[in-house]
Amino acid sequence: MKKIQKNFLYTDLAEEYSNDLNQKRMVGFSYLFFCSINLIVIVIFVIRQTSPIVLFCFLALLLGLLGLRLNFKGKLFWAQIMLPIIAMLELSILSLFYFGTGSALHWFLIDFIIYALAVFRSDQRVLKYGTALCTVSVFWVCEFMGAEKGLYLSAQDQKVALFLVFLCSSFAVAVIVSMVVNRLRTVNEHLRILTEKDELTGLSNRRKVLADADDIFADSIVQQDSCVFAIIDLDHFKRINDTYGHDAGDLVLVKVSETMAAVVRDQDEIGRYGEEEFIVIMRKVTLKQAEAVMERIRTAVENMFVETEQGIVIPVTISIGLSTMEPGVSRFEEVLAQASKALYVAKRNGRNRIAIESSFQD
């Protein structure tokens, strides 16, 4: 079962927000559902020794498996259009000539209207609405022009078929709706991440890290805990860009971000604040404890190895300004401003160091 999910429903792929992947999943499920229904019908009529139905449904099953393979091989377009054609032909023939309209088998066509609306993209309007219109037309023919009684089903059999059609059709609709809803959730989550992450470094972007700072500051006031803000700035970053190029500068930013993210505590928040500036917000920590964390970051950055594709090793250091909540402070921006002043002091005193701006240093 897991292998089927992996190969035909694409459940193991990471890019779940991909539109093509979503289409492949829906098409894959639809083919599996179609083949399963045909297999059940074949088994029933093998037991009843009704060869024409068995042969007809076996042919439909083979075509369904062919479409499933096309979907698996990446030929999505042909797989998309093949299924409704096969389904309309099979359901209309079974309903009009074999089972009768009293079996309600043609009501399965409603699922393929939903299929057309869900599977075809917005730029495939002709296929989308054309398939839906053809399906409605076939349904109309079966409903109003077909005989109620069939050759191979009694009135009692038709009642059973009606109940099974309702169950199976409801199941298919529920699964497709669930897949659409899950896709919307996945896409929304992906968009949320995109709006919160810095594209280059993968850290939280300025808006997200400032929102985190606001939340942590407010929680600290309510819970009467301490929190410490740190502003980190790369030393001589403009010189790195001018000397080694902007690609090298980007490499430095990425490596520094990875190093800092690996050192900060799990409960701390880190994000990119400016071109070469970063913010770290530390919960439930004293200034001395925060200074120890920042010292580990400073040392790790100083000792890290940044080498360009040309084999040039770039020395990197950082300066850090620290500040904590003080009595009477009501806005996190005030703490951030104090950390910025401390950063200026660290720069002025020679860089590659930590400076603290606070009236008390526990």
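Every residue gets a Cβ built from N, Cα and C, even glycine.
Note that TrEMBL annotation is computational and uncurated.
A quick note: this is a predicted structure, and the numbers were derived from the prediction, not measured.
The domain 'GGDEF' annotation in TrEMBL covers 225-359. What TrEMBL records for 28-47, 53-70, 77-98, 104-120, 127-147, 159-181 is transmembrane segment.
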State the non-local partners of the transmembrane segment (104-120) in its own chain: residues 6+ outside its ends, Cβ under 8 Å from one of its Cβ atoms. 23, 26-27, 30, 37, 80, 83-84, 87-88, 91-92, 94-95, 127-129, 131-132, 135-136, 138-139, 142-143, 146, 158, 161-162, 165-166, 168-169, 172-173, 176, 179-180
DSSP puts the residues of the domain 'GGDEF' (225-359) at 60 helix, 31 strand, 44 coil
Most CB pairs under 8 Å with the transmembrane segment (127-147): which of 28-47, 77-98, 159-181? 77-98
For the transmembrane segment (77-98), distant same-chain residues with Cβ under 8 A (at least six beyond the ends): 23, 27, 30-31, 34, 38, 52-53, 56-57, 60, 63-64, 66-68, 70-71, 105-106, 108-109, 112, 115-116, 119-120, 127, 131, 134-135, 138, 141-142, 145-147, 150-153
Same-chain residues near the transmembrane segment (28-47), Cβ under 8 Å, at least 6 residues beyond its ends: 4, 8-10, 53-54, 57-58, 60-61, 64-65, 67-68, 71-72, 79, 83, 86-87, 90, 108, 115, 119, 152, 168, 172, 175-176, 179
Please give the sequence-distant neighbours of the transmembrane segment (159-181): residues at least 6 beyond its ends with Cβ less than 8 Å from one of its Cβ atoms. 22, 25-26, 29-30, 33, 37, 99, 102-105, 107-108, 110-111, 114-115, 118, 153
